[in-house]
């Protein structure tokens, strides 16, 4: 294996671990409704942290963005806005399917579509399919979908059986959950398309002296500004509807700063995912679009591992436990297959 490809896979895997961990700080948020803390998390994750990263690692980003056509910027921003809708809907898939099955179906679809659609549009997929690398990519995606299917089935059985303390998810609804996951999978892949459309920005960044490891920093800033717009509209609607605007300034007997700190940490973790993703992607060569498939597959793996750590799988049968581990091992193998296709 090309050493650069191997380093790229490791960096993306680290990003996937962080991605699966970003929501943990929400456990420390007290007396805020979902609209309140999701808006604050989004402000940090979509705007503040990306801006800080640009200032630190791509200080000439305003000059770079001025060199890129308005059409390109608008296209990336639009893809980000669509991705924002996907992130808002993702919560519904988790609500109706549970974490394991929700992650598997939603991110599984995002993995397949986000890996294949961008290169289909720009012609790189046809070039890749002309050689053995194309066979390896398709094989990796198929193997990944098999792993996702096994993981999802294990999650489904877990939700039906109960697991931790014998409790069953009372809101489990397979049809609503699958519909939500399908919507998330289709709209969520827009982020991968937006990142690939940002190639002119990445190239201009390198020409202006930015380290190639951080060439996508300005791309992320434009992309997730679009995500913040759709999130801002929906969360403000919820905050006004539920009359919870006062929660931003009134403590109600708890430490208000802890809520802001938890949301800031969640936003930091979420965006740092894409810092490592961008670093790993820069090592993947001409067929950098395969990075998305690795990120999604490994995020599912680590989300399940976090579920184990949090005892979400406690009490399940041996059959379900073995299915879960089988799915994880297959997903890890698939991630390397997808990565090797860029070699």
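Each Cβ is built from the backbone N, Cα and C atoms, and glycine gets one as well.
Here is what TrEMBL says about this protein:
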TRANSMEM  39-58  transmembrane segment
TRANSMEM  70-90  transmembrane segment
TRANSMEM  96-117  transmembrane segment
TRANSMEM  129-154  transmembrane segment
TRANSMEM  218-240  transmembrane segment
TRANSMEM  260-277  transmembrane segment
TRANSMEM  289-309  transmembrane segment
TRANSMEM  321-342  transmembrane segment
Quick test of the contact rule: Cβ under 8 Å, at least six residues beyond the ends. What residues does that give for the transmembrane segment (96-117)?
86, 90, 125, 137, 141, 144-145, 148-149, 151-152, 154-156, 158-159, 169, 171-174, 176-178, 180-182, 184-186, 188-189, 191-193, 289-290, 292-293, 296-297, 299-300, 303-304, 307, 312, 324, 327, 338
Remote residues contacting the transmembrane segment (321-342) - C-beta distance under 8 A, at least 6 residues beyond either end
1, 5, 8-9, 12-13, 100, 104, 115, 128, 133-134, 136-137, 139-141, 143-144, 146-155, 157-158, 284-288, 290, 293-294, 297-298, 300-301, 304-305, 313
Going through 39-58, 70-90, 289-309 one by one, which has the most CB pairs that fall under 8 Å from the transmembrane segment (218-240)?
70-90
When you scan the chain for residues with a C-beta under 8 Å from the transmembrane segment (70-90), skipping those not six or more beyond its ends, what do you find?
46, 102, 106, 110, 180, 183-184, 187-188, 190-191, 193-194, 197-198, 200-201, 219, 222-231, 234
